[in-house]
């Protein structure tokens, strides 16, 4: 079967007409080869490939591909995204210290709860990194996401109170805060200069063994949703690594795409674009269908494939076994899933959509930037941010203390997507693009009670609606008028 037929078969799910056309071409191909579709065919073992479908191309790289990859690696190095050996060792040391603290705390909790000595001796405990650090694509100075795995007899509240206080008492810990009322409860802190996000997950057993395979679905069955979400951070990261044919090439290609997305101002899950796990899944899928490609070729194919992708056709790294399970993403079963603009599905059970925050405006921006990348991918990768803001809104957050800044700025940032949704309701606005990087405003050095510092949070640019050519006034943006007011209680 030739490449054209294979490619058409891989994407037949987008349209019934395409499905018919692909079947016709396949039948014609068999006829040319004089293969009877009714004659008995020897049973062959199922093909071995990564992903829900077979590869589009298994071509091996040529000399030109290797040269492009070498230039691509040099470009990454020029952007100073790699950490030094000493910096990497420092991260490993910090994680070991955190795990030691966590295991000490587990022993203290066993004593406090009068747990039998036999159970206490085997309670264990693990701190497992996940996210970009575990994928091996973290940038210099990036934070570390880590999962604290504990036994089932612990209460989640203990982690956010008792362990929080133990961490707070450490001299190496700065800027610590617990955020419980969120989709995935987390403790944020800085340990010896490295930002850490700690999540907690319990197992339905009395101990945490040293050798623990969390990819086994038995560990998440019957758990509460918060524990499943916490455990799945690690599970999804590990599944991604196990579903790519060449981890080294995957990492280089993903580093390029992450750098490009950050430079093009489209790297943020909370602000309605795509976060690290979404970009990782998209790159991993390209690696699956081009298993022997070099990183440079993978980057080019990334833009070419996704510039023609029909959203919300889902991106998945493997087939879902139980499609009727209401806990997984399935628009045929769950009505709410039908409203998603994009669908980039996690590979670990229960499969969820990582791009649920994408709005109409952010999808338009993402599509536009990927198409723009297609034009540059064949020649040179333009990574310089060159946005021209003609019409924009600036959000400014005021606060009096550094502690208030950590809480207040985070709260306002979490509400930016609401403002974008309100802007999209106005017919005169075709697109609202949030600038994802916040800017530090002037800091007040004196101790005056009325003295406040400011952060310029985000700018939102919006072009005029093409049909009218008019620029809406701010008073006309909200119809009916809506005022968003957030006040910090301590101000």
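One is the number of the first residue shown, and numbering goes on along the chain from there.
Placement of Cβ uses the backbone N, Cα and C atoms for every residue, glycine included.
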Range annotated as region 'Disordered' - as stated in TrEMBL, picked from 34-55, 56-77:
34-55
Would you say which of the binding-site residues 130, 267 has the most Cβ atoms within 10 Å of its own Cβ?
130
For the domain 'Poly(A) polymerase central' (249-374), mean pLDDT (0 to 100):
92
Between residue 197 (ATP binding site) and residue 145 (Mg(2+) 2 binding site), what C-alpha distance do you get in Å?
5
Would you list the other residues of this chain near Mg(2+) 2 - those whose C-beta lies within 8 angstroms of the C-beta centroid of 143, 145, 197 - in sequence order?
131, 133, 144, 146, 186, 188, 195, 196, 198
Out of 145, 197, which has the highest number of nearby Cβ atoms, where nearby means within 10 Å of its Cβ, if these are the binding-site residues?
145
